[in-house]
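*Asks:* Have a look at this one.
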């Protein structure tokens, strides 16, 4: 927080320092309002209400805060007591807040903190941050902090010693607060993310190919509509609108399938067209075109309905309205007058497909509803050929490409049945599959494939990123998180039953496989969760993704959230293989060195790898690979390292929080002493909370390692935040999606 007399500055948790009289009055009004919402009829807050309001996980801190807030020792907190305590914590100077922190740690009120009290506090800190460490590690953390703070070695930490220890961590004392008290700050005082401004130079830099394609797409529709409408202007406005929309639908309904030709798109990524066309946004353009098709179809239908209503009212027309709309008697259309009934059928099929394509259906446990209704594109194409006399001409080339790709895919995927050789059930409900690699299966780091396991679902194919490196010749690795019906069934089938189709030679086969290949272990093979098996499966792929651009970058920033790390597992392994390939060892003195040059297909000067996880266990399955990568760079200076790791754990509270400052200080001290992080075992220290993206990208920009490209795999919400920061710094942004 700002010191008294300084202008108000927002702190990292969104709080505001010194306030004006008007702001202070608003804050007191807000505190009063919040107090009244949680206090009972007696207008006092008891311990249970206090715990609920602060949302504190560990009762130790709630009880300590409550005791210190309850200045008269009555067992309840009045509004006046709450105001006084919060004024100290939110408006107070660093020394006032430090005295409060010391009282929290001084459990017995003796005026000093002994080692057992500190251990009790740190154990509660671990629980508050959802970190699980063995008692031995807790003892080491306690001793590391206690010995560092107890300068005179008398077996107790005094207030002055705690103050001196905190001063070693710049900015902590000034910003010290209770992060769980967000409910006590008015919404206007909390930080809001900055939205990127559209149509700026940076926005154009990141979206120029999409904007150009959207402009061309809109211009083509205007041209098609105008030509078709003007050709029928003699028939009235409703017919002009219907014909204009119909001509646009001829293009959309034929071209929409081209956007999902994954083999063609993968081939295009290897050509110069990848720099011109927005190939990474093919799914978004497919969805956009779907919305356009629905909108044009509704307008097309309404225009025809208006036209039929006008004709039915005419005395010269021998047909009634329903006959014009639903029957073949009027002879409308080029195939036995079937335009009207096929049009109605097409609209119903389209609306059904549209409804079942919503995200709530696709992301829920009803993926098969989306899958099977989406297959109605085949009868729709047939009906469109019967409905419109010119549609077959528009469909000719896209249709041939589409059916050729489907035929090749079915042939290749079912030519040879592959076998799942090993399964490993990992933390956070991740299933690690090891599949026998088929011959001629060539892929690049970050590619994905479609997987079909008949024993799980006979007709379902699901996309998964390949987590093994292409240099790994014998097997393919997939890491699959359980987050839907199919993936949950896969995980549970191995968790609740014996290995499926296990053969008697599985140990010998596994031994031969392990001896025949030398590979970095991405996951720890625990015996209770590791199974050898012989399960039939089929794969379709591989298919390219935006991450193919990584090796052509100069400075790549890889950002993964949770299981979104899987594309980068393959990429980092490939980087490690290439570095090992460039390693030379003198046969006499065993001195090792690397070649200074780079591969023809790898222009990388620097890689920043950022992994964000919700909890501690989510790190476990990937840590061994990262450890090996760190060891490969052990001889390099920290400033000259090719690969820099950044680990974040969002459930852990930061140094600015009174419920975590002791733990974070102890973790820092022990990490410096043991040269490794207590949470992951890596040399890289795991940072609490979420990254400060402005600081992260500012550091990347100042390194001047070349053009920066950011690659992300994770939630859409975080993708928007990262894209905004990339536009602010002028970085290219790519997001992995299927």
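Every residue number used here counts from 1 along the chain in the order it is shown.
Cβ from N, Cα, C; glycine included.
The feature domain 'EF-hand' is assigned by TrEMBL to 57-92, 93-128, 137-172. Marked as transmembrane segment by TrEMBL: 211-229, 288-312, 332-357, 369-388, 394-418, 556-577. The domain 'FAD-binding FR-type' annotation in TrEMBL covers 413-549.
For each feature listed, report its degree of burial, its nearest neighbours and the pertinent distances within the displayed model.
*Replies:* For the domain 'EF-hand' (137-172), the model gives a mean pLDDT of 86.
Distant neighbours of the transmembrane segment (211-229): 204, 240-241, 243-248, 250-251, 277-278, 285, 292; these residues of the same chain sit at least 6 beyond its ends, with a Cβ under 8 Å from one of its Cβ atoms.
Within the chain carrying the transmembrane segment (288-312), a Cβ under 8 angstroms from the stretch's Cβ atoms is held by residues 221, 236, 238-239, 241-242, 245-246, 248-249, 252-253, 255-256, 259, 319-321, 324-325, 340, 343, 346-347, 350-351, 354, 357, all 6 or more beyond its ends.
Beyond the transmembrane segment (369-388), the same-chain residues lying 6 or more positions past its ends with a Cβ under 8 Å from any Cβ of the stretch are 246, 249-250, 253, 257, 333, 335, 338-339, 342-343, 345-346, 349-350, 352-353, 356-357, 361-362, 395, 399, 460.
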